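Working notes, beginning with the structure itself.
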């Protein structure tokens with residue numbers, strides 16, 4: 001007797017007359033992970049309390065040097081030095097700031113221009129130990145790095161609140177307008193979106209060319225970027241022709257790529273529009289889903305605020321440590337000392353010794369494990385943020401699944417689908433949400449650890465080490481993207497069937513693999529169209545701010561004009577992503593439900609499809625026009641055979 005060969009990607013779903021969408025009779029899943037998450041939250045609260053009892057937030061509010069001393073504050077040794085110098089301000093963009101909440105570069109207080117006291121000293125000491133046993137002179141170090149110093153006044157006028165709020169409000173209103181128009185004019189809006197993206201990028205190309213041509217013959221405009229080097233004031237780059245030429249080339253490449261994709265995907269775009277229309281109908285019946293991102297934003301704001309406050313208190317709990325340095329033998333060598341060392345007993349026993357600044361940290365048990373507490377703070381931040389995101393995905397998936405599996409819409413839908421789905425997610429699947437977000441957080445904290453190692457090994461690493469770290473960073477970046485994809489689809493299956501995370505992830509993966517062609521040509525095309533929508537909003541907000549010169553009119557004293565522009569562009573993208581994520585989650589949920597609908601039903605009177613007639617007609621018409629490969633034809637024949645076999649078994653029963 002031959003054993004029947006099992007399908008490679010699991011058995012297709014069988015017809016179940018009792019299945020009416022998200023299962024109501026379900027139990028709690030992944031309870032162990034739920035308990036672990038609760039204990040981790042309690043530990044997080046304990047870390048916060050410990051940090052709040054040790055830290056000094058004034059070190060973040062007021063400028064402080066690398067030794068933790070305040071710049072320009074009355075009653076301090078540096079009262080006449082109100083300015084703070086960063087030896088390499090670009091290091092403030094390092095991922096290490098996320099961990100230590102401090103800029104990893106030397107910082108020195110300095111007097112204002114024209115003010116007396118131009119020697120950079122701290123108390124009576126102008127030397128310090130760099131942590132490797134080397135005595136360094138701050139004065140010579142400052143003069144040797146004169147050209148790389150960036151100035152930051154106290155406090156710095158970086159971004160007017162009115163400009164920031166105006167730009168973000170514009171982004172929010174524009175995103176909301178697009179979502180509302182998509183609800184009623186999905187087909188037209190998608191094509192308008194495509195045309196406007198092409199026009200906006202095209203205008204950018206023309207503008208770059210005009211700036212490039214206008215700088216012809218201007219003094220210094222032909223300087224190359226390599227000759228100019230790095231400048232903290234980015235407006236300097238806008239005065240040379242090569243910058244605009246680079247912008248023009250980049251925009252032209254993006255324009256060509258988008259146009260080619262649209263040409264090759266023109267038939268698929270019509271199908272994707274049909275899916276977006278179906279998503280618009282679903283959102284029309286679940287209008288409260290449009291406002292759910294506000295709830296997610298509120299929860300994320302709370303998570304970010306707790307992490308930031310805890311990180312501030314952890315990073316400001318360090319203290320300046322002074323050590324005894326001597327040129328002759330001394331029993332107190334490298335011992336901890338106080339700055340008023342001249343009158344101490346150790347100075348009398350070692351007359352030629354000095355008490356110099358050694359490092360900024362501490363020698364207590366708390367300071368010994370401070371880096372572990374900082375890692376724990378970042379890890380719990382990732383875990384909580386991913387949990388909030390996962391909760392939103394599962395909630396929306398459950399609401400939209402209720403729409404799809406309602407045979408008579410909206411009569412067969414629950415009265416409040418979003419609230420019903422949110423209640424099910426929190427009541428039964430908190431552990432599953434914690435499990436999926438835990439896996440993602442572990443990968444993210446490993447990426448932070450790799451950045452930490454890269455930062456610590458910068459001076460000692462060789463080419464082999466650099467290559468290995470680069471490969472690891474790339475691999476874990478790809479792994480993070482894959483886990484996000486698996487988690488997203490797993491949450492959809494959990495919202496529908498109420499199973500645990502591993503089972504749901506397996507079922508979702510097998511379902512997608514059984515419909516691999518549809519995933520590649522339908523779901524991803526829809527994601528591409530929604531991405532164009534986000535790109536359009538960011539482009540409109542960014543270009544409108546630049547062209548109207550809002551920044552120049554309202555903030556003439558800004559040090560760096562590019563900082564508000566970048567801030568508003570990033571903020572606009574996050575806002576647009578929040579609103580469009582509702583559509584993206586709706587499309588993904590409807591797509592998985594559509595794939596299951598094809599496996600469960602055959603379109604007959606006894607087993608009708610739950611999909612709309614318009615979507616069914618377009619998808620089937622497209623399938624008939626596709627030249628299918630032999631493997632695809634074999635899969636279709638196998639699906640037909642399995643459905644016929646199921647029908648015979650039901651008739652016999």
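Cβ coordinates are placed from backbone N, Cα and C, and glycine is handled just like the others.
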For TrEMBL, the entry region 'Disordered' belongs, out of 596-624, 625-653, to 625-653
Within this structure, do the transmembrane segment (31-52) and the transmembrane segment (428-450) have 3 or more Cβ pairs under 8 angstroms, counting pairs 6 or more apart in sequence?
yes
Determine which recorded stretch among 188-206, 286-309, 380-407, 528-548 has the most C-beta pairs below 8 angstroms with the transmembrane segment (244-265).
188-206
Contact count check, CB pairs under 8 angstroms to the transmembrane segment (31-52), set 188-206, 286-309, 380-407, 528-548; argmax is 380-407
Is the transmembrane segment (380-407) in contact with the transmembrane segment (286-309), using at least 3 Cβ pairs under 8 Å (sequence separation of 6 or more) as the test?
yes
Contact set of the transmembrane segment (380-407) with the rest of its chain, CB cutoff 8 A exclusive, min separation 6+ beyond the ends, reads 19-22, 37, 40-41, 43-44, 47, 279, 282, 285-286, 289, 292-293, 295-296, 299-300, 303-304, 307, 413-414, 417-418, 420-422, 424-426, 429, 433-434, 436-438, 440-441, 444-445, 487-488, 491-492, 494-496, 581-582, 585-586, 588-590, 593-594, 597, 608, 610-611
